[in-house]
Amino acid sequence: MAAYILAIDQGTTSSRALLVRRDGTIAALAQEELPQHFPASGEVEQEAEDIWNTVLSCCRVVLRQAGVGPSDIAAIGITNQRETTLVWERATGRAIHRAIVWQDRRTADTCARLEAEGHGALIRARTGLLIDPYFSATKIAHILEKVPGARARAEKGELAFGTVDSFLLFRLTGGRVHATDATNASRTMLFDIHKGAWDDDLLALFGVPRALLPEVRDCAAEFGATDPEMFGAPIPIRGMAGDQQAAMVGQACFQPGMVKSTYGTGCFALLNTGETPVASRHRLITTIAYQIEGRRTYALEGSIFVAGAAVQWLRDGLKMISHAAESDRLAAEADEGQDVILVPAFVGLGAPYWRPQVRGALFGLTRATGPAELARAALEAVCFQTCDLIDAMHADWPGQSGATVLRVDGGMSASDFTMQRLADLLGAPVDRPAETETTVLGAAYLAGLQCGFFPPPDIFAQGWRLERRFVPAMADEVRAMRLAAWRSAVECLIGRD
C-alpha cells in the first residue's frame with residue numbers, strides 16, 4: 001500500500017517537494033531557491049524554466065533521499081504562488097515570456113483606466129475581486145500585446161495560459177493535461193465565482209481568447225498522471241489549490257467563521273464564510289476557499305504584499321541582520337519610548353486600501369532611532385496590517401464579531417515576538433499549530449482525500465494540534481494608541497498619493 005503523498009509547493013522564492021505520511025507529518029523535504037528578476041521599477045519576473053527545473057529537481061531529490069519510488073506514492077498534490085502568470089506554446093511547453101509574478105505592478109495604469117471607465121462593478125460582481133495589477137487578467141493582456149504574434153497564435157489555439165499550477169501540470173503530464181482548479185481560477189479576474197465558469201464578458205473586456213484558458217476542476221480531482229519517463233512510472237495527480245487556500249485546508253478551517261493567516265513573503269488572511277459568497281464593503285476580496293465534489297466554499301480574503309519581505313529588506317537592503325531569525329532578538333531590544341512606524345508599501349498597499357501607487361515610509365524617527373527600533377517597526381508593520389484585515393472582516397460578515405482566534409502559519413509565524421505582538425494588537429488569541437507546514441499539508445490532504453488516503457474533512461480536522469497559544473498582554477489604552485498611530489501614518493501616505 002502506498003505510504004505517502006508527494007506534495008509540490010511552488011512558492012515565490014523557492015520550490016519544494018515533500019513526502020507526507022498518513023498522520024500528516026513530513027517524512028522528507030527537498031527545497032531549491034528560485035531566482036527573481038526585476039527588469040524595471042515595479043516589475044517582477046521569473047524564468048518559466050527555473051520554475052519547472054527546480055520543481056522537477058526537488059521531486060527527484062526527495063524520492064531519492066527517502067528511498068521510495070512511484071509505487072510508494074498514492075498521489076501528487078500541487079500548491080503554488082497564485083496569480084503569477086505564464087503563457088506557453090502547447091506544442092513545446094515553452095513559455096513565450098518570463099512569468100509575470102503576482103507582486104508585479106506594471107499594469108497599474110491599465111487597471112486605473114479600467115476603473116475610471118466604470119468596469120469595477122462588473123468585475124467585482126462576477127469575480128469577487130477588485131481591479132488590481134495583482135491578479136492575472138491584465139498580466140495576460142500585457143503578454144499578448146508585448147510578444148509579437150502572440151495574440152494571433154492565442155486565437156488559433158497554439159498558446160496556453162496558466163497560473164503556476166496549470167503550467168506545472170502541463171509539464172508533469174507531458175503536455176496531455178491543460179487544467180487548473182477553482183481556487184487558482186478565482187484569482188485571474190476572468191472567472192465567475194458564482195457560476196464556476198470563465199466569463200465571456202470579462203474575456204472580451206481584457207481581450208483574452210477563450211482558446212488560451214485551462215479547464216477548471218475541483219481541488220480534489222483526477223488531474224491525470226505524470227509522464228512515465230519523469231519518475232520511472234506514472235504517478236497520479238489528484239489535488240491542487242493556490243497556496244493560501246491550501247493553507248486554509250491544512251489549518252482545518254472548514255467551519256464558517258474560522259480564520260487563518262499565512263505569513264510568507266506577503267501575508268494573507270482568509271475567513272471561511274461557508275457556501276455563500278459575502279460581498280465586502282471594506283475592500284476585501286471574495287474568493288473560493290476550496291471546491292470539493294462540485295460544492296464551493298467561499299472566503300473573505302485580505303492580502304498584504306509585504307510581510308516576510310520586510311525582514312528581507314532589513315537583511316538584504318539595510319544589511320542590519322545576517323539571518324531573518326535575528327530580527328526577533330533585535331526587535332526585543334527596541335526602546336519602548338520610541339514609536340517608530342514603518343508602512344512597508346514597497347510595491348503599493350494591499351487590502352483594505354488597494355493603493356498600488358503608494359510607496360513606503362518611516363514615521364517617528366529621532367536621533368536615537370537605531371537598528372532595534374527599525375527591526376521592531378518592520379515586525380509590527382505585519383501585525384498592524386493584519387489588524388486592518390481582521391477589522392474589515394468583522395465589519396463585513398455578520399457572523400464575525402468580537403475577539404477572533406487566529407490560526408497562523410508560514411515562515412514568519414515562527415517569530416515569537418511577532419506572534420505575541422500580533423495577539424497584543426488584535427486583542428485576541430493567536431494559535432500556532434504543531435505542524436507549521438500547513439500549505440503543504442493542505443495540498444497533500446486534497447490529493448489524499450481524492451484517493452481515500454486521508455479521511456473526510458470533519459475527521460481530518462480532529463487531528464489539528466496546537467503548539468502554542470499567544471494571548472494578549474497589552475493594555476487596551478496602549479493598543480488603541482498604537483493602532484491610531486499606524487492608521488495616521490497610512491492616511492498620511494494615502495493623502496500624498
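Quick reminder: no glycine exception, Cβ is built from N, Cα and C everywhere.
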Out of G174, G175, G411, which one does Swiss-Prot list together with T12, T13, S14, T265, G308, Q312 for ATP? G411
In Swiss-Prot, the glycerol site includes R82, E83, D243, Q244. Which of Y4, Y134, Y298 does it also list there? Y134
Other Cβ atoms within 10 Å is the metric here; tell me which of the binding-site residues G308, G411 scores highest. G308
Binding-site residues near T265 (ADP binding site) (Cα-Cα within 10 Å), from T13, S14, Q312: T13, Q312
Measure from the CA atom of Q312 (ATP binding site) to the CA atom of R82 (sn-glycerol 3-phosphate binding site) and give the result in Å, rounded to a whole number. 21
Distance between T12 (ADP binding site) and Q244 (glycerol binding site) at the Cα atoms, whole Å? 12
Span of the glycerol site, taken as the largest CA to CA distance across R82, E83, Y134, D243, Q244 (Å, rounded to a whole number): 15
With every protein chain in view, how many other Cβ atoms are within 10 Å of the Cβ of E83 (sn-glycerol 3-phosphate binding site)? 25
From the centroid of the CB atoms of T12, R82, E83, Y134, D243, the recorded sn-glycerol 3-phosphate site, which same-chain residues not already listed sit within 8 A by their CB, in sequence order? N80, Q81, T84, V101, W102, R187, G242, Q244, G266
